[in-house]
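S.K.: The active site annotation in TrEMBL covers A:Asp15, A:Glu74, A:Asp146. If you look up TrEMBL, you'll see A:Asp15, A:Asp146 marked as Mg(2+) 1 binding site. If you look up TrEMBL, you'll see A:Glu74 marked as Mg(2+) 2 binding site.
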There are 2 protein chains.
Amino acid sequence: MGSTATVATRILGLDPGLRITGFGLIDQLGSQLRYVASGCIRTADGELPGRLKTLLDGVREVIATWQPDVVAVEKVFVNVNPQSTLLLGQARGAVICGAVSCDLAVSEYTALQVKQSVVGYGKAAKEQVQHMVQRLLALDASPGPDAADALACAICHAHGAHGLGARAGTRRRAGRLLG
Amino acid sequence: MGSTATVATRILGLDPGLRITGFGLIDQLGSQLRYVASGCIRTADGELPGRLKTLLDGVREVIATWQPDVVAVEKVFVNVNPQSTLLLGQARGAVICGAVSCDLAVSEYTALQVKQSVVGYGKAAKEQVQHMVQRLLALDASPGPDAADALACAICHAHGAHGLGARAGTRRRAGRLLG
């Protein structure tokens, strides 16, 4: 399953949270995936509008710095606590606004889709996701949990876009999908 | 309770919703309130990121057009349906981002605070809110329900800022608080 693409697509994965929003960037060239950068946007305690501004500005800064072509955002869980769900929803709204305000297309993936795509098992533990992200992107060390989830979301988008994925039982080697 | 203010403060009230976000602008000069404009930002069905962009851009356009000094946003209810709560949270996040991205301070008020301030009764019906907004701003006709809620939120902010309010049992006449 060869690729004819010659220009890499840069994918920004985002894992939204009010306190910590993880981000991760990868370049996809055909079936090749290459790690670019990852990290977290953290908000301090305080009034909600200020925290949302930190998330909005943070995502816009990540985009300005690394110039992604597309954005993939993890769909968040609805919490048993409605107030937490509302807060998380507002954080996710701010994170998506950061992307759409830069005129980038945003794709959404559930945690199930992300884990299925990266680990091949929708109920995989956080550690398994970190481990597979490290392997798929040939990283020397395991990324932090928030960055790993964001990178996993970007990988999920790459797999979907390329028509490859764990669901098809594709074999993988670090940073590369083997069709 | 006279006022020494000579420059009016323009307050933008926002009532966030994913389908319809109401907005309303008033000028406050001391205890005087003057209606400026009101309306709705509507989003069409479709993917969530596009709808959030409509809300973000809509709020920014309202701000660019009417140049408010401060923004007051109604706190939304948590719904019995967690998925609805999450959607509403994301809409509210986008609406607040529209304001903070224009570097405006945002104050938040619960529906209880707004009704208490405008009608003098926290469990007032929507029609009572519309009626009192019309009276307080000396409007010829009743504003629509979404615009009325947004205007009520702006009035609530004005009352709080001026140290007057229904809680103190203040008498009112159209557009004016009588201390």
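Counting begins at 1 with the first residue displayed.
Each Cβ is built from the backbone N, Cα and C atoms, and glycine gets one as well.
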S.K.: Of these active-site residues, A:Asp15, A:Glu74, A:Asp146, which scores lowest on Cβ atoms within 10 Å?
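M.R.: Lowest Cβ count within 10 Å among the active-site residues (A:Asp15, A:Glu74, A:Asp146) is A:Asp146.
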S.K.: Cα distance, A:Asp15 (active site) to A:Asp146 (active site), nearest Å?
M.R.: 7
S.K.: To the nearest whole angstrom, what is the C-alpha distance linking A:Asp15 (active site) and A:Glu74 (active site)?
M.R.: 5
S.K.: Need the DSSP three-state call for A:Asp146 (active site) to compare against my parser.
M.R.: helix
S.K.: Under DSSP, is A:Glu74 (active site) part of a helix or a strand, or is it coil?
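M.R.: DSSP assigns A:Glu74 (active site) to strand.
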